[in-house]
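K.L.:
Positions annotated as active site, nucleophile by TrEMBL: Cys385. Per TrEMBL, S-adenosyl-L-methionine binding site is recorded for Asp287, Asp314, Asp332. According to TrEMBL, the domain 'SAM-dependent MTase RsmB/NOP-type' annotation covers 172-448.
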Amino acid sequence: MITARTLAYQILLQLDRAPVHPDRLIRTAIDRHAGLDPRDRALLTELVYGVLRWQGRLDWYIDTLAGMKPSKIDAAVRILLRLALYQVTLLDRVPAHAAVNEAVKSAKAALPRHVVGFVNALLREAVRRHPDWDFPSARENPVCHLAVTTSHPEWLVRHLLAEWGPEETRAFCHAGNTVAPLVLRVNPLKASVEKVLARLHSEGIEARPSPLLENAVRVRSPRMDITQTETHKLGWFQIQDEASQLVSLAVGPKPGERILDLCAGFGGKTAHLAALMENRGEIVSVDQAAWKLEDLRRNIERQGIAIVRTIAADALGLSPSDTGLFDRVLLDAPCTGFGVLRRNPDIKWRRHPKDPHRFSRTQKALLRQAARFVKRGGTLTYATCTVFAAENEDVAEDFTASQTGWIPEPAAAKLPETCRNLAEGPYLKTLPHRHDVDGFFIACWRNIEDIP
Ligand SMILES: C[S@@+](CC[C@H](N)C(=O)[O-])C[C@H]1O[C@@H](n2cnc3c(N)ncnc32)[C@H](O)[C@@H]1O
């Protein structure tokens, strides 16, 4: 019988080779090994996400103890060590000797003898030292200190310190290692909050109304796969953080309107827009990834939505003559994703220091393109799930400064009273460490001129 630790090791190896969402790999592993009991499934998720969150600190332990150049340690050996060290240093419920023994056993099965000796010696030394580690000094090297202790890349810490200062950066980095609440958007086309709470309760899941949005609920036991419930299969809800829900609310579509969702992905925002439109009008959902639009179609069908047309295309190559003009256009732009590190901790290790600026260029081009599809009097909404000014305020300000015929509209105007404190000037900005929701940015404009 395969163990949760072995599966976690295999998944971490796969993630090292290709950028797949960890949840997809975990779900596939659980489906394939139906014999895993709920405790093992929970441990598998804990190990995969724990190692991804704490990878920076775990690597610091390895490089401190290894006595060789970091590049000399093979990727598979490093992952084996990270997994064992995570259990030894950060997980209370696994005895240290069990984690070490299992890692050494795995090493014996697959690695040469001298590597087994190296793994064994390093892990036993880590057990001996823990918890008395000599981390880089906060006074002499604040960047390195924060990067190692909170497990974030040095370039990211340096960037945030320059943009936000030490207090906010520290809070952001600490929040990045917490488990985000599991939030559901209730689908009003099929159910109400009360119905969803009652039905989930009958399936053994406790949830409570969101403090922020009246149509959202927070699940108390976030470790389970809620997509397997009947309530989900019936299309009564969609998993969607409150901050993400603010985007479609800020678009503010009305029944009967024409809406363009220009980077629709799996259709999280499309489905919400359709619900706000009471399933009346038309939504055109565009994404360059045709496979995502397949998921989108399944998602909207499950939710009883019938007003969506999909187009698989590069938004930059699309013309209003192909689609007509729209009352409202949403650009939920591709971004570095640093607002959702709690859910996707692997992102912080995949990104490059130049990425915020690279994305910024694409976002500016996509936003100008999105504007071409808006009717006179219509609105344009720009959203990201990241926190850097380069991808947020800079993009919005570039648009406002370079385009005539557009006036910024307060992004919070259409939001419920409970969310008004999230406004920062004309924009809406959420941060995990301040608001306990994902980090999103929203900006809105109204078109006041004919488009040439
Ligand atoms: C932030 S995600 C969208 C998430 C989606 N709106 C949702 O709510 O689930 C950005 C999406 O933009 C798509 N994308 C990136 N560049 C694009 C382009 N030039 N044209 C069309 N889609 C693009 C990506 O495939 C990705 O699905």
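Using N, Cα and C of the backbone, Cβ positions are placed for all residues, glycine too.
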K.L.:
Closest to the residue listed as 'active site, nucleophile': which of the binding-site residues Asp287, Asp314, Asp332, going by Cα position?
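P.N.:
Checking each of Asp287, Asp314, Asp332 against the residue listed as 'active site, nucleophile', the shortest Cα distance is to Asp332.
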K.L.:
To see if you understand the setup: which same-chain residues, six or more apart in sequence, place their Cβ under 8 Å from that of Asp314 (S-adenosyl-L-methionine binding site)?
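P.N.:
Residues satisfying the criterion: Gln288.
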K.L.:
Within the chain of Asp332 (S-adenosyl-L-methionine binding site), which residues six or more apart in sequence place their C-beta under 8 angstroms from its C-beta?
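P.N.:
Set apart from Asp332 (S-adenosyl-L-methionine binding site) by at least 6 residues yet with Cβ under 8 Å, we have Val247, Asp261, Leu262, Cys263, Ala264, Gly265, Lys269, Ala383, Thr384.
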K.L.:
Write out the long-range same-chain contacts of Asp287 (S-adenosyl-L-methionine binding site), meaning residues 6 or more apart in sequence whose Cβ is under 8 Å from its Cβ.
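P.N.:
Same-chain residues close to Asp287 (S-adenosyl-L-methionine binding site) (Cβ under 8 Å, separated by 6 or more) are Cys263, Ala264, Gly265, Leu293, Leu296, Thr310, Ala312.
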K.L.:
Determine, from DSSP, whether Asp287 (S-adenosyl-L-methionine binding site) sits in helix, strand or coil.
P.N.:
strand
K.L.:
Within 10 Å of the Cβ of Cys385 (active site, nucleophile), how many other Cβ atoms can you find? Include all protein chains, please.
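P.N.:
So the number of other Cβ atoms within 10 Å of Cys385 (active site, nucleophile) is 25.
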K.L.:
Using the recorded S-adenosyl-L-methionine site (Asp287, Asp314, Asp332) as reference, state which further residues of the same chain have their Cβ within 8 Å of the centre of those residues' Cβ atoms, listed in sequence order.
P.N.:
Leu262, Cys263, Ala264, Gly265, Val286, Gln288, Ala289, Ala315, Pro334
K.L.:
Take every residue in the domain 'SAM-dependent MTase RsmB/NOP-type' (172-448), average their pLDDT values, and give the whole-number result.
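P.N.:
Result for the domain 'SAM-dependent MTase RsmB/NOP-type' (172-448): average pLDDT 96.
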K.L.:
Would you measure the largest Cα separation among Asp287, Asp314, Asp332 for the S-adenosyl-L-methionine site and round it to whole Å?
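P.N.:
This binding site's residues have a maximal Cα-Cα distance of 14 Å.
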